């Protein structure tokens with residue numbers, strides 16, 4: 001279903017078209033449903049699209065129709081820039097579980113550990129609780145208390161060009177998110193989930209911890225690069241009981257910094273730090289530069305570490321290990337970026353996810369047509385249109401195509417067009433966040449009302 005509005009400079013004229021067509025659509029098709037607040041969201045998106053189109057291609061923006069689909073599944077994905085893969089921060093959302101199936105936020109776990117350190121009659125449990133308490137304090141600067149938004153935001157999303165880099169992880173019992181086809185990925189980085197445990201002796205007992213994930217390096221190139229040397233900070237360790245990869249005791253080596261093959265563009269390259277799950281972006285044109293990291297958590301870090309970190313304690317070498325707790329690590333992208341897995345989009349990766357994903361900008365399906373064309377407005381009763389409406393995808397109007405993106409890193413020449421999609425993606429992400437916060441407030445009010453009702457029974 002298409003919403004159309006002509007894009008003159010007069011905003012009031014646009015609103016008249018909007019009101020008329022939306023009114024006609026809703027009464028002609030009562031089954032039409034959309035999860036977003038249609039009037040304000042679409043009006044803002046249409047205005048933003050027209051202003052961005054006018055800035056990048058004024059000849060097309062002058063006297064044109066802008067059309068946006070009302071379907072909740074009709075969205076277009078554009079691969080994110082290579083720099084976004086190396087510099088975009090992500091947030092950590094941590095939950096914990098004990099022998100019971102309940103999950104606890106980190107602040108409740110810290111309270112539990114404080115009590116265990118002081119009151120537990122078992123000295124080994126006191127030591128384990130003290131270690132975990134230190135661990136959570138170490139992670140607290142990166143933990144986001146805002147509830148993450150899980151589940152697919154959109155389905156049946158199309159990506160008209162191949163992404164320069166995809167990330168794949170296979171878990172037989174994982175949460176399936178979707179799989180991009182090989183034709184949609186120029187290069188795929190494969191992650192291996194841990195299948196073993198690490199044993200660490202702490203005083204008089206042994207601690208068993210879920211091992212770290214790893215990166216399949218078969219198709220990566222060892223170019224003996226020194227770009228990872230001294231450039232891995234900031235860095236965090238999710239295994240504080242082991243030597244930290246961020247400490248001076250474990251200096252990075254050139255062999256851990258591998259090149260992602262990119263035959264289409266030799267002026268830019270992506271280097272993968274396989275020990276710290278970090279990506280470095282290098283512009284190799286003179287003078288050679290490298291973008292600094294804004295956060296120790298990158299999209300690759302999130303994809304690799306999103307999982308469950310289990311901890312068991314063993315009092316003696318011959319006793320059966322007992323489960324202490326499990327940390328569930330979940331990560332969310334910054335506003336404006338999304339994980340595209342198959343045809344579904346996500347803002348957050350759940351623990352133990354499985355699939356093949358890439359980073360994208362996400363926008364509603366927007367098309368435009370020449371202002372001299374007559375676009376039919378749906379009547380109160382559905383009628384079959386006799387003429388095909390000549391609509392052009394916004395992507396091609398901005399000069400983006402498979403040939404210009406070149407299936408690789410070299411999209412600097414069309415950065416203006418990509419920035420247009422970044423702005424639209426930020427707009428969409430902000431709307432999703434606003435809706436989520438509104439629903440959270442409503443849920444809190446419902447919970448409060450339910451508590452009052454129970455007290456008055």
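The backbone N, Cα and C atoms fix where each Cβ goes, and this holds for glycine too.
Region 'Fusion peptide' is the annotation Swiss-Prot gives to one range among 388-408, 409-429, 430-450, and that range is 388-408. Swiss-Prot tags one of the stretches 64-67, 68-71, 72-75 as motif 'CXXC', and that stretch is 64-67. Residues 144, 370 are shown; Swiss-Prot lists N-linked glycosylation site for one of them, 370. In summary, of the candidate residues 179, 352, the record from Swiss-Prot lists N-linked glycosylation site for 352, whereas the others have no such entry there. Residue 47 (N-linked glycosylation site) and residue 370 (N-linked glycosylation site) have their C-alpha atoms 17 Å apart, to the nearest angstrom. Here the Cβ of residue 222 (N-linked glycosylation site) has 12 other Cβ atoms within 10 Å, regardless of which shown protein chain they belong to.
Note: the Cα of residue 222 (N-linked glycosylation site) and the Cα of residue 197 (N-linked glycosylation site) are spaced 29 Å from each other. Distance from the CA of residue 352 (N-linked glycosylation site) to the CA of residue 283 (N-linked glycosylation site) is 34 Å. Note: the Cα of residue 370 (N-linked glycosylation site) and the Cα of residue 352 (N-linked glycosylation site) are spaced 48 Å from each other. With the fewest other C-beta atoms within 10 Å around its C-beta, 370 stands out among the glycosylation sites 47, 197, 283, 352, 370.
Looking only at the motif 'CXXC' (64-67), the predicted model's pLDDT averages out at 78.
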